[in-house]
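Since the structure comes first, as structure tokens, the remarks are kept for the end.
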Amino acid sequence: MNQTRIDFRQAKFLISAPDIAHLDKHLPGDVGVEIAFAGRSNAGKSSALNALTEQKSLARTSKTPGRTQLINVFELDAQRRLVDLPGYGFAKVPLEMKHKWQNALGEYLQKRACLSGVVVLMDIRHPLKDLDRQMIEWSVASEIPVLALLTKADKLGQSEKMKTVNAVRKELAEFGDWVSVEPFSALKGTGKPKVLAILDAWCHPDWLVEELEQAED
């Protein structure tokens, strides 16, 4: 049963931006709330988005990691959006393109005022690669909360899963309340209620709630 204030099942495709280096030209105005999803190309980002919104093909999945180079924006309502950023770190992507993505991702995290939270997705079997940590550090430096989402949790037994979750929490403890860590399985639904609760809170920052209340008066 959905206990969140936002019905994430209502997410719908809004726009694609073909070039991450020119994000501002393609994305909606820097208003309202955006939640970004970032992760390595094999982290299961599209599957997670589809599972969280209960839509089989909202985000297109590919059997070839690194193929999706578009920034895809999904609208929850007039004020709130989910942003699916291109996967990073895939070995077969040319080095120049990797650097281009990384620079633009960093700029997006640092300059996008409406960014309310970042979900950094990592395969639970291979967490906290260098680029994952860089995304987390960039976000926290910009005072943007992070959910480190350990995907494919069904690939590990319960004991090994919790051992990994606790190890990642310990590793990221230096960031304090800015970073939370949760296991997730798109296949089994593991962690889905907690993730939706976090996303829902990000969708309701104090300033937006006050703005909407004033508009109703």
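One-based numbering along the chain as shown.
The backbone N, Cα and C atoms fix where each Cβ goes, and this holds for glycine too.
The GTP binding site annotation in Swiss-Prot covers 39-46, 66-70, 84-87, 151-154, 184-186. Annotated Mg(2+) binding site per Swiss-Prot: Ser46, Thr68, in sequence order, evidence recorded as sequence analysis. The domain 'EngB-type G' annotation in Swiss-Prot covers 31-205, and the record cites sequence analysis as its basis.
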Whole-number Å distance separating the Cα atoms of Phe184 (GTP binding site) and Ser46 (Mg(2+) binding site) is 13
If you rank the binding-site residues Asn42, Ser46 by how many other Cβ atoms lie within 10 Å of their Cβ, the lowest count goes to Asn42
Lys152 (GTP binding site) to Ser46 (Mg(2+) binding site), Cα to Cα, whole Å, comes out at 12
Same-chain residues at least 6 apart in sequence with Cβ under 8 Å of the Cβ of Lys45 (GTP binding site), in sequence order, are Phe37, Ala38, Gly39, Ala59, Asp84, Gly87, Leu121, Thr151
One should report the C-alpha separation between Ser46 (Mg(2+) binding site) and Pro86 (GTP binding site), rounded to whole angstrom, as 10
Top of the binding-site residues Gly39, Pro86 by count of other CB atoms within 10 A is Gly39
In all the protein chains shown, the tally of other Cβ atoms within 10 Å of the Cβ of Lys152 (GTP binding site) is 24
Counting other C-beta atoms within 10 angstroms, the emptiest spot among the binding-site residues Leu70, Phe184 is Leu70
In the three-state DSSP scheme, Lys45 (GTP binding site) belongs to helix
